[in-house]
Amino acid sequence: MKDLTILKPDDWHLHLREGIVLKNIIKFSSEFFGRAIVMPNTKNPITSINKCISYKKSISEGLPENSKFEPLMTIYLTDETIKDELIEGFKNDVFFAAKLYPANATTNSSQGVKKIENLYEIFEVMEELGMPLLIHGEVTDPKVDIFDREVVFIDKELLPLIQRFPKLKIVLEHITTSYAVSFVQENNLGATITPHHLHINRNAMFFGGLNSDFYCLPVAKRENNRIALRKAATSGKKCFFLGTDSAPHLRQWKAFCGCAGIFNSPVAIESYIQVFDEEDSLDQFEKFASLNGPNFYNLPVNKEKIRLVSKSNEIPKFIEVIDNNKVVGQIKPFHAGEILNWQVEGIVN
Ligand code: DOR
Ligand code: ZN
């Protein structure tokens with residue numbers, strides 16, 4: 001039996017949702033992650049200090065007793081974002097970072113940014129403040145093929161942005177292409193990589209019939225991209241760090257409308273370490289999971305450690321959503337019904 005003890009990891013990209021779903025799923029992140037950057041694309045997006053404070057309060061209330069988990073909150077940028085609100089929120093530790101969704105790029109992004117140039121004044125202050133900009137890097141032009149949206153975004157939107165704001169601290173989120181892997185390294189950006197983009201290529205969405213379980217945005221790409229992502233994540237390079245993009249959708253909705261998002265927080269650590277094991281890179285796992293993120297964000301690393309052991313780990317087919325002792329829904333986790341080779345054994349001090 002193999003085992004590995006690493007500093008407690010953080011999740012640098014997470015969707016916690018609201019209400020009953022939040023209450024049911026937060027334990028999967030708070031148990032073995034120290035911190036998480038919480039995405040602001042709630043139904044009514046987190047566009048102001050007040051909304052952010054009340055969202056953070058509901059997250060804290062949903063945490064198990066005595067949990068030390070720390071949610072790091074973000075502001076959802078729109079064409080109407082008020083500069084002073086952003087500055088005040090950042091200076092008072094309400095906002096840890098700002099999230100840029102191109103309008104209609106993904107779930108709950110209709111109020112996102114219509115024209116990136118409209119935010120230049122905002123980026124100028126963020127650059128001065130050292131406030132991180134987290135980017136969903138896809139264009140939304142319907143003429144651009146869905147599999148090319150990340151690459152076109154990099155060329156048309158990201159490159160001009162970094163040329164104009166060279167000191168802006170940027171994270172290209174959930175990268176999916178070898179093109180992004182190279183661009184991030186060449187331009188001193190940070191990038192999160194999800195477990196699902198390390199495991200699946202675009203065939204997964206079409207295997208055994210149209211399968212929305214593997215539909216997420218950006219969509220998984222060709223196999224050569226998955227290989228490039230696995231190489232990047234397991235390289236230990238400082239610019240690549242863990243961000244699950246765990247995005248739960250109730251089964252009834254996912255099956256009905258095929259919403260984009262893969263719920264991986266119940267299996268994320270095990271899913272990632274399996275990749276590092278397969279790539280013979282277990283010695284690089286702590287960098288990716290627990291060191292590179294804090295280093296990028298200038299935060300201390302977590303004090304506690306977790307121990308992982310290689311043993312057969314059967315993943316449940318569904319996670320139940322419970323309200324007032326009644327099952328009100330189900331969410332399918334990533335790797336549902338599969339057997340993974342690793343398990344988190346627990347926290348060690
Ligand atoms: O697949 C995704 N789901 N990608 C995103 O960018 C958003 C997320 C969600 O909120 O469901
Ligand atoms: Zn996301």
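Every residue gets a Cβ built from N, Cα and C, even glycine.
TrEMBL does not curate its annotations; it predicts them automatically.
Here TrEMBL flags 11-306 as domain 'Amidohydrolase-related'. On the 0 to 100 pLDDT scale, the domain 'Amidohydrolase-related' (11-306) averages 97 in the predicted structure.
Summarising the environment of His13 (Zn(2+) 1 binding site), the number of other Cβ atoms within 10 Å of its Cβ, over all protein chains shown, is 26. DSSP assigns His13 (Zn(2+) 1 binding site) to a strand in the three-state reduction. As annotated by TrEMBL, Zn(2+) 1 binding site applies to His13, His15, Lys99, Asp245.
The C-beta environment of His15 (Zn(2+) 1 binding site), restricted to residues of the same chain at least 6 apart in sequence and closer than 8 Å, consists of Val38, Met39, Asn41, Asp245, Ser246, Ala247, Pro248, Gly261. The annotation substrate binding site is assigned in TrEMBL to His15, Leu16, Arg17, Asn41, His136, Leu217, His249, Ala260.
Look at His174 (Zn(2+) 2 binding site): DSSP puts it in coil. Neighbour density for His174 (Zn(2+) 2 binding site): within 10 A of its CB lie 25 other CB atoms from the protein chains shown. Taken from TrEMBL, the feature Zn(2+) 2 binding site covers Lys99, His136, His174.
Around Lys99 (Zn(2+) 1 binding site), the same-chain residues six or more apart in sequence whose CB sits under 8 Å from its CB are Met39, Pro40, Asn41, Thr74, Ile75, Tyr76, Leu77, Leu134, Ile135, His136, listed in sequence order. For the recorded site, Lys99 (Zn(2+) 1 binding site), the DSSP three-state label reads strand. If you look up TrEMBL, you'll see Lys99 marked as N6-carboxylysine.
A simple way to gauge crowding: the CB of Asp245 (Zn(2+) 1 binding site) has 27 other CB atoms within 10 angstroms, across all the protein chains here. In the three-state DSSP scheme, Asp245 (Zn(2+) 1 binding site) is classed as coil. Residues annotated as active site in TrEMBL: Asp245.
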Problem set entry | Rounded Cα-Cα span from His174 (Zn(2+) 2 binding site) to Leu217 (substrate binding site), Å | 9
Seminar exercise, completed: Of Arg17, Leu217, His249, Ala260, the binding-site residues with C-beta less than 6 Å from an atom of ligand 2, in sequence order, are none
Exercise. Just the number: how many Å between the Cα atoms of Leu16 (substrate binding site) and His174 (Zn(2+) 2 binding site)?
Worked result: 16
Exercise. Checking the binding-site residues Leu16, His174, Ala260: which ones have Cβ within under 6 Å of ligand 1?
Worked result: Ala260
Exercise. Expressed to the nearest Å, what is the distance separating His13 (Zn(2+) 1 binding site) and His174 (Zn(2+) 2 binding site) at their Cα atoms?
Worked result: 8
Problem set entry | Leu16, Leu217, Ala260 as binding-site residues, winner by CB count within 10 A | Leu16
For this session: Starting from the Zn(2+) 1 site formed by His13, His15, Lys99, Asp245, give every other residue of that chain whose CB sits within 8 Å of the mean position of their CB atoms, in sequence order.
Result: Leu14, Ile37, Met39, Asn41, Leu134, Glu173, His174, Thr192, Gly243, Ala247
